[in-house]
Ligand SMILES: Nc1nc2c(ncn2[C@@H]2O[C@H](COP(=O)(O)OP(=O)(O)OP(=O)(O)O)[C@@H](O)[C@H]2O)c(=O)[nH]1
Ligand SMILES: [Mg+2]
């Protein structure tokens, strides 16, 4: 049995960045060589690429977990860690990428179209790169960042110009088999077609694709038969063709009733109302079928539909039909806005935003969000005091401390950097935020002379509250000694 998979949920993990290296150059008779720790390598991305040889998502159904290679750590003697290899996942043309909540992320149409589903983590800087005139020999390096990890949904929407819809056994697959070189399964029992078939038709200078979908029956919208699920494959088509069976012996059925039923089901599915449609009256090789076709034709035409009498078995009327379809497809292609043929990413991810936000969350607790602060936290080796000092320094320079103070944060308040599930929580210690660098230069700390205005104001306010309005800012300040 062949399996067709047109919707899968996969879990992608991009490669972690390699850690930076903290190392000091060693050479005989040169005791104080400079820092020479190299940077870690970038982790590999997980990339989806449209590949013409791939037609289903089956592969991902069997192996939904995919991981790219990690970057290698940096080494001493300026050695940079190797970059992780990208993991390229081939997907069929017409794959739609959704996030776990069903929001569309990308629409992959056209061979070679790429989408980065998981971004590799950056490598951490080595201590060589972290050295500066003020910090000549850093005793720490930055950690590599974890690779992006995501659950995404891949959904296949066949990319066909023309879609054939109709009751089971109306002859949809038979039509594809005679209009194109495709060889779909054809049989006289309902629901022969379990997955869409695709054929390429050449009509004069126009080349277009035709797809059928599994047969529809009354109540398909409530899940009867195979339901409407497969209609997503015709969402992209520009022309709809009703294949009506003129030779069915089933009670209660005739081409006009069938048409109404199918239209009703299409309406329940929604979104297809604007497609031009035409009607094919099939099985006219059978005399009764031919008679019936002639009877219903005027009614159909009265509804404004173009009608084609054909036989997939005797191949009558096919040339006319294929040229009419070619004409409609050409019209649709010309009407389509240019950029639509190269649509790729619907909502690209924001990268590198420079800002951050501070939000008060209840009494004495603040949350800092932002690409940079969150990244810096991930890069920090919290076991290394110097690295923590460097982090404080960076946050301070970005203005995080000032913003916290502005929003009323006080010493000892909780400050979370990051989202709910991956936040790192600190006690707010504004006076200490100068970090390793400032503390490293004893006696030069400008805070000894004069506190910054915001800090000063806050201290005054606090003191006033405590002492019942007396101005004791000076007292308060004298108590402050960071080296105590
Ligand atoms: N006499 C005659 N039989 C036909 C014609 N077209 C299809 N058939 C027969 O009708 C039956 C169903 O044909 P399919 O092409 O499998 O029908 P389908 O619409 O794809 O059916 P499902 O896949 O079940 O939805 C087969 O036995 C075909 O041989 C036709 O033009 N004339
Ligand atoms: Mg079929």
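Here the Cβ of each residue, glycine as well, is placed from N, Cα and C on the backbone.
TrEMBL annotations: computationally assigned, not manually curated.
Here is what TrEMBL says about this protein:
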DOMAIN    2-159  domain 'Obg'
REGION    61-83  region 'Disordered'
DOMAIN    160-330  domain 'OBG-type G'
BINDING   166-173, 191-195, 212-215, 282-285, 311-313  GTP binding site
BINDING   173, 193  Mg(2+) binding site
DOMAIN    348-430  domain 'OCT'
REGION    438-484  region 'Disordered'
COMPBIAS  439-469  compositional bias 'Basic and acidic residues'
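What TrEMBL annotates, mapped onto the structure for a quick look.
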{"residue": "166", "record": "GTP binding site", "Cβ neighbours (10 Å)": "26"}
{"residue": "169", "record": "GTP binding site", "Cβ neighbours (10 Å)": "22"}
{"residue": "172", "record": "GTP binding site", "Cβ neighbours (10 Å)": "32"}
{"residue": "173", "record": "Mg(2+) binding site", "Cβ neighbours (10 Å)": "24"}
{"residue": "192", "record": "GTP binding site", "Cβ neighbours (10 Å)": "17"}
{"residue": "193", "record": "Mg(2+) binding site", "Cβ neighbours (10 Å)": "23"}
{"residue": "195", "record": "GTP binding site", "Cβ neighbours (10 Å)": "21"}
{"residue": "214", "record": "GTP binding site", "Cβ neighbours (10 Å)": "25"}
{"residue": "283", "record": "GTP binding site", "Cβ neighbours (10 Å)": "26"}
{"residue": "311", "record": "GTP binding site", "Cβ neighbours (10 Å)": "24"}
Residues of the region 'Disordered' (61-83) by DSSP state, where helix covers H, G and I: 2 helix, 3 strand, 18 coil
Alpha-carbon spacing, residue 166 (GTP binding site) to residue 193 (Mg(2+) binding site), which is rounded to whole Å: 12
Filtered binding-site residues, from 172, 173, 192, 193, 214, 283, whose Cβ is under 6 Å from an atom of ligand 2: 172, 173, 192, 193
Those binding-site residues in 195, 283, 311 whose CB falls under 6 A of ligand 1, listed in sequence order: 283, 311
Other parts of the chain folded back onto the region 'Disordered' (61-83), taken as Cβ under 8 Å at six or more residues beyond its ends: 3, 5, 8-21, 23, 25, 36-46, 89, 118, 120-121, 123-124, 126, 128, 141, 144, 147
Average model confidence [pLDDT] within the domain 'OCT' (348-430): 83
Residue 311 (GTP binding site) in three-state DSSP notation: strand
Distance from residue 214 (GTP binding site) back to residue 193 (Mg(2+) binding site), taken between C-alpha atoms, in Å: 5
Residue 166 (GTP binding site) in three-state DSSP notation: coil
Structural state census, the domain 'OCT' (348-430) (DSSP three-state): 30 helix, 17 strand, 36 coil
Rounded to the nearest Å - Cα separation of residue 283 (GTP binding site) and residue 173 (Mg(2+) binding site): 13
For residue 172 (GTP binding site), the three-state class that DSSP assigns: helix
